[in-house]
């Protein structure tokens, strides 16, 4: 009986964390959709942006959906364990199992279609550079969004400072780059030394690949443990009710 109560407590605590994580992710998703100055909305306003990027721009909806799903899972796990509801525990097991299968399928798709992702990034880069050369310094919205992005991420252009050569800003400021492209922003920036936004973000991901993989494996292990515990509780409750 002590082991049974311990499993109930662990199930409640684990799913309580899932519930809170779902609320946090739901809040982030809503923020991404509401914040018109975010990078995602910024990329969506760039002319000639590849149509494939429309799926990436829906990340806000994805976060909202994931947040709602986690809230539901957390609720089912907590209530199913504390109320000893076989229906809730079984539903919890089925949902977590479907998520686990989807994660495995998604990992396979990412590995198989990785070259297509590289092609998409190249198209995004071409569109971003074209947008800078055409509108930066001439279009106040585009200029403001790029300035906000570069100031936030401490980067310069999409690839590097050369993206600004030939832009309206570059021509009207005696062939100088935006202040964000130089370490000393107090004087005219004639030689951009700051890394581009895309290489900086990509390096950040590459440097943390091991951590990302570790987190993914940890989540998969937790999902397997959660399914195992829910089935143990389900069978124990069933046996005790007979």
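A Cβ is built for glycine as well, from the same backbone N, Cα and C atoms used for every other residue.
The following features are taken from TrEMBL:
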DISULFID  155-197  disulfide bond
DISULFID  156-182  disulfide bond
TRANSMEM  12-32  transmembrane segment
TRANSMEM  59-82  transmembrane segment
TRANSMEM  89-113  transmembrane segment
TRANSMEM  210-235  transmembrane segment
Per Cβ pairs under 8 Å, the stretch of 12-32, 59-82, 210-235 packing most closely against the transmembrane segment (89-113): 210-235
Around the Cβ of residue 155 (disulfide bond), the count of other Cβ atoms that are within 10 Å: 21
Tertiary contacts of the transmembrane segment (59-82) (same chain, 6+ residues out, Cβ under 8 Å): 7-8, 11-12, 14-30, 32-33, 40, 88-89, 91-92, 95-96, 99, 226, 230, 233
Cβ-Cβ neighbours of residue 156 (disulfide bond) (radius 10 Å): 27
Beyond the flanks of the transmembrane segment (210-235) by at least 6 residues, Cβ under 8 Å: 4, 7-8, 10-11, 14-15, 77, 80-81, 84, 86, 89-90, 92-93, 96-97, 99-100, 103, 107
Fewest-neighbour residue among disulfide-bonded residues, criterion Cβ within 10 Å, set 182, 197: 182
